[in-house]
Amino acid sequence: MSDVSKPGLQSPLRRKLLMGMAALPAVSMLSRPSFADVPATSAVNTTGLAVTDSEVTVGILHSVTGTMAISETGSVEAEKLAIAQINAAGGVLGRKIKFIQEDGASDWPTFAEKAKKLLVNDKCAAVMGCWTSASRKAVLPVFEQYNGMLYYPTFYEGLEQSKNVIYTGQEATQQIIAGLDWVNKTKGAKSFYLLGSDYIWPRTSNKIARKHIENHLQGCKVVGEEYFPLGSTQFNSVINKIKLTKPDVIYAIIVGGSNVAFYKQLKAAGIDLSKQTLLTISVTEDEIDGIGGENIAGAYACMKYFQSLDNPNNKAFVPAFKKMWGEKTVIGDVTQAAYLGPWLWKLTVEKAQSFDIDKIAAASPGVEFKGAPEGYVRIHENHHLWSKTRVGRAKADGQYELIYETADLVEPNPFPKGYQ
Amino acid sequence: MFGDYSISDLGAILAMQGFAGLILFSVYVLMALGLAIIFGQMGVINMAHGEFMILGAYVTWMTSSAVQSVAPWLFPGYFFIAMMLAFVASGALGMLVEWALIRHLYKRPLDTLLATWGLSLILQQAYRSIFGAREVGVELPEWMMGSWQATDAIQIPINGMFVMGLTILITIAVFYILFWSSWGKQVRAVVQNRVMAGAVGINTEKVDRYTFALGCGIAGIAGSAFTMIGSTGPTAGQLYIVDTFLVVVFGGAASLFGTIASAFSISQTQSTLEFFLSGSMAKVITLLTIVAILMVRPQGLFALKVRK
């Protein structure tokens, strides 16, 4: 399934290159290394990675077949866009990025096998990939054994930190605490009903949410906590329970196809999201596409990026993404986080002046990306990102309207004390 | 848990919970009917049942998009056209599959399991290539969303009632076709004794093909109806397949009455338990009960006495 620069991609790539060439006068004003000062390969690559005088190879490892293709398609698109843009702007240390894409096929052992292939056979200098925690856990030993570098885009439950991984999405406390504080303060919410799909991320996240509600918010309580098997399509009973307990906030971490069923049935049961506050951390613009904007309008989501963010970086990013992947594609939180991967890697390589994995791992803390669509991010010592947390309200057109954002960057804290 | 609530609150919840159970019952019947015909009457283990359903869902999505762009005035009623198209599309695909694949495997039931499982993978990837990996959102006319306010406190989902009505209609139609029409008599004759049915002049091949197509077509209608309550994506069919087999096997493979009785008992157990326990626990207990009953009664609730 390996395809080295897919033929289908050539025309958008070429378009990107042309755009890049059009921008050359501007680019040449930047401090871009000219061909004369491209550092010698022997100096920047001492461990035998796939780096030549003109090219460097990275891997993309996502599911493009199987259940998870629904979610991971956006990440693949974002990573390819970032790579095309970096190449158009002169590449990394004067070298163009070539990518090898592998398909994890929504199967965790396949992820591990393909990760090994990318690191051992292809000698990839970095790998952008994985989506579910299960796939990340499957490849983690491979990356640690063969000393690779993984840029992982999804918001996730935390409780992990590795020299060989940069987590470009938020860990659970970053995503959860600010949102709960906000809903408590502005909506006066006192009672919470926690819902989730039955696997590690929703369970860990709800655990953090419950601790925060019970220990840190004055007079607040959890009136219900429930989990549903992945793929559940029937929510009428729990909706009745919600009607009975009348919580101030429904806190929902439901994923995949269940999401669609849940919001459609919620609306059909007469729960009006403009009156009943619902806060979710699992519905991005990608999911709304399947749910239908009219079914979820009025719900609040707490994450770090919305397609509608009004800042100069995002205003350049969204049109570029749509130009490459089609006018109708939407960009969710994880897609944006995936876009950060190649850029953070490029910036780190330039800071370290080397492609060596050890040097990149050491140079990562403190690397800042000012061109991030979400605004500004910086890598923390624990390899997660400092980022702002935002609350948006879903509109019928499938977009979020920004309601609140934290004043400062929120510190990533993958091992939160008192929350476990 | 009921201490703090007034009698009228509880009454309203009980009524709504009763409806939740009935809606779940109709959903189960609707998704299991097609399979009950194929598995029960023909003995074909159709693992691709979910994908036939999703074909119906995609047809609904295409109809919705087409109607919106070509004839917006038709939009409030497009769903009925979509369901008919879904029946035709899934039925036609079923006929093709029967001709190309299934008819070669009638004597090897376990191989049909593998073959149809392969077929389900092929169909999933085909949907992914044709419609994209992302889920599509099927837009519904306004009147089908929302709820019917029976009293101040009781709200009944309109789409749930729609599914109930549809299930009743289709069940009646299936029973009429199988038990009163002459074609239905032929189907039952073939089920009971294929050789004898052939000997008295029934074209068993043709009967097989149309039975399979009918089962797939009903799956298509079910998929179309489920766009109201569930998701439409390449792998969404997988969400239904386990429950579907559960209902059919528990009911007794060759009995349509069994399918309905089993859908009723499973849905009521499930929705009652879901109310008192959490969603995952309710599922676990329901499954355990079914396993226990099937251990005592492996032939399912209702078994048809057939001379093999």
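Keep in mind that glycine also has a Cβ here, set from the backbone N, Cα and C atoms.
Keep in mind that TrEMBL annotations are predicted by a computer and have not been checked by a curator.
Remember, it's a predicted structure, so these values are computed and weren't measured experimentally.
Listed in TrEMBL for this protein:
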type	residues	note
TRANSMEM	B:12-40	transmembrane segment
TRANSMEM	B:52-71	transmembrane segment
TRANSMEM	B:77-101	transmembrane segment
TRANSMEM	B:113-133	transmembrane segment
TRANSMEM	B:153-179	transmembrane segment
TRANSMEM	B:212-233	transmembrane segment
TRANSMEM	B:239-263	transmembrane segment
TRANSMEM	B:275-296	transmembrane segment
Whether the transmembrane segment (B:12-40) meets the transmembrane segment (B:239-263): three or more C-beta pairs under 8 angstroms: yes
Selected stretch (most C-beta pairs under 8 A with the transmembrane segment (B:153-179)) from B:113-133, B:212-233, B:239-263, B:275-296: B:212-233
Chain residues outside the transmembrane segment (B:113-133) and at least six past its termini with a C-beta under 8 angstroms from it: 44-48, 50-51, 54-55, 58, 61, 97, 101-102, 105, 233-235, 237-238
Cβ contacts under 8 Å made by the transmembrane segment (B:212-233) with residues that lie 6+ beyond its boundaries: 27, 30-31, 33-38, 41-42, 44, 46, 49, 52-61, 79, 82-83, 86-95, 97-98, 102, 127, 133-138, 140, 144, 159-160, 162-163, 166, 170, 174, 177, 239-240
